[in-house]
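Written below as structure tokens is the structure these notes are about.
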Amino acid sequence: MNQPTSSNNGAIKGVQKIRTLIEGLDEISHGGLPSGRTTLVSGTSGTGKTLLAIQFLYHGIKHFDYPGLFVTFEESPRDIIQNAHSFGWDLQSLVDEGKLFILDASPDPDGQEVVGNFDLSALIERIQYAIRKYNAKLVSIDSVTAVFQQYDAAPVVRREIFRLVARLKHLAVTSIMTTERLDEYGPVARFGVEEFVSDNVVILRNVLEGERRRRTIEILKLRGTTHMKGEYPFTITNDGINIFPLGAMRLTQRSSNARISSGVETLDKMCGGGFFKDSIILATGATGTGKTLLVSKFLEEGCRRGERAILFAYEESRAQLSRNASSWGIDFEEMERKGLLKLLCSYPESAGLEDHLQMIKSEISEFKPSRIAIDSLSALARGVTNNAFRQFVIGVTGYAKQEEITGFFTNTTDQFMGAHSITESHISTITDTILMLQYVEIRGEMSRAINVFKMRGSWHDKGIREYTISEGGAAIKDSFRNYERIISGSPTRIAVDEKSELSRIMRGVQDKTLPE
């Protein structure tokens, strides 16, 4: 039996990783990309492959002082520098300082004809020369597909890519090599062989879900080391690629026993003294049941106590929100003038869910609020899959809890009267407190009802109470004690005789349980 060979230099080390400092990538890769190895980044057109390759080099040079080499087969060095400048990355200064070298291997615009045996010997030698001359530690190659687009023989492609990868490994550089694929969920790469000669494979996707594009990243393999499995959404911002590693989030947030007021005294009593600080509250109900009013009272109460608050509105404009709040005696404009309130209004269709999530996180990070509200979640759910929407809600709630912020969200149900589910997207388990608002028909008149459907970690009132809206705002009255089946949407009045009979039966049961 063969025994493992020993080295005089000490024990064999495992795969070392180099941090990329790309937001979220180090989390899903469990520490970064494997050092001294090549990572294949594959994706269709417009997925962000070139951007990832440039950002990887730029961060390595700026944060770790690793010299870098960028090999381009498609764009000119001028275009690459100009495009990177849009993200605030000054590649030209790095080139002038000798920290970055851009090797132009783009094809002749007049075209080339392949004659004889095809190989990359000359190109590999050019890359090796540049690596040694500039002492490069990081290399990005964009993209190998352009090299082989005139030569479709898979065995030749596999052989030449293997030679290139082997030479890069011999030179001990950490490299990214981009390649194109034809379908989002088809073969990993165009020629079907690239992934087999690479130690690491990352797939970028840009999928049309409903009416919106959704970018995701998946680490298919990192040979010899661990990584997170599955697809993770990402967006492209002014700072580059931003990945949301929702699966990397841990349920380690602190929980506070402190209570905060909802702004409605009776609702505070129904919740055992108010909402828990850093909890997530969901108000769900049909349109017009008073969800936005509860949100407005919640924000007003925070500002009255000198706390900062943000309202992310996706159904009403700033002017409309201010006008409606004013009719309830709430002055949003005065709160904004004092710097306590921020109203951010936009259409849900103006951006993808990942872009909305990034905007929410950025605004929270900048404004530092104690309370946030989203009105409404159901507007954001339009035109996206349930899984994508649930990931968005997890991202928002997780970040709010991490920052110890109390969140109040609304959800509009399709059911006008009665209720079959709390939300259509099954996000109720993510929230801590659920307020159910609905219409009920009592004696030929339409009334509103409210009840605390759920509240984690606290006693709460189980009654279904009447909820009225007037110029003074919200008022919660007594329970509908003489009615049953209100939640089902078919309230039935309990007759006095029936109540007496029930009382008689209960007294009889109690008498039987008394000792003789």
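Along the chain as shown, the residues are counted starting at 1.
Using the three backbone atoms N, Cα and C, a Cβ is placed for every residue, glycine included.
For 1-244, the entry in Swiss-Prot reads domain 'KaiC 1', with the evidence type sequence analysis.
Positions annotated as ATP 1 binding site by Swiss-Prot: G46, T47, G48, K49, T50, L51, S86, K221, L222, R223, T225, H227, T237. Classification of G48 (ATP 1 binding site) by DSSP places it in coil, neither helical nor stranded.
For T50 (ATP 1 binding site), the count of additional Cβ atoms within 10 Å of its Cβ stands at 21 [all protein chains shown]. Residues annotated as Mg(2+) 1 binding site in Swiss-Prot: T50.
Note on the domain 'KaiC 2' (258-516): its mean pLDDT in the predicted model is 86. Residues or ranges marked as domain 'KaiC 2' in Swiss-Prot (evidence: sequence analysis): 258-516.
Taken from Swiss-Prot, the feature ATP 2 binding site applies to 287-293, W328, R448, 454-456, S458, H460, K462, supported by sequence analysis. Taken residue by residue with DSSP, K462 (ATP 2 binding site) is part of neither helix nor strand, so it is coil.
The annotation Mg(2+) 2 binding site is assigned in Swiss-Prot to T292, E315. Counting only same-chain residues at least 6 apart in sequence, those with a Cβ under 8 Å from the Cβ of E315 (Mg(2+) 2 binding site) are D375, S376, A379. E315 (Mg(2+) 2 binding site) falls outside any helix or strand according to DSSP and counts as coil.
Just so you know, the Cβ of S428 (phosphoserine) picks up 15 other Cβ atoms within 10 Å once every protein chain is counted. Taken from Swiss-Prot, the feature phosphoserine applies to S428, supported by sequence analysis.
Residues annotated as phosphothreonine in Swiss-Prot, with sequence analysis given as evidence: T429. For the recorded site, T429 (phosphothreonine), the DSSP three-state label reads helix. The number of other Cβ atoms within 10 Å of the Cβ belonging to T429 (phosphothreonine), over all protein chains shown, comes to 10.
All protein chains considered, the CB of T237 (ATP 1 binding site) has 15 other CB atoms within 10 Å.
Considering only the recorded positions G46, L222, T237, S428, the residue whose Cα is spatially closest to the Cα of K291 (ATP 2 binding site) is S428. Between S86 (ATP 1 binding site) and T292 (Mg(2+) 2 binding site), the C-alpha separation comes to 39 Å.
Here the C-alpha separation of G46 (ATP 1 binding site) and S458 (ATP 2 binding site) works out to 49 Å. Under the DSSP three-state reduction, R448 (ATP 2 binding site) is assigned to strand.
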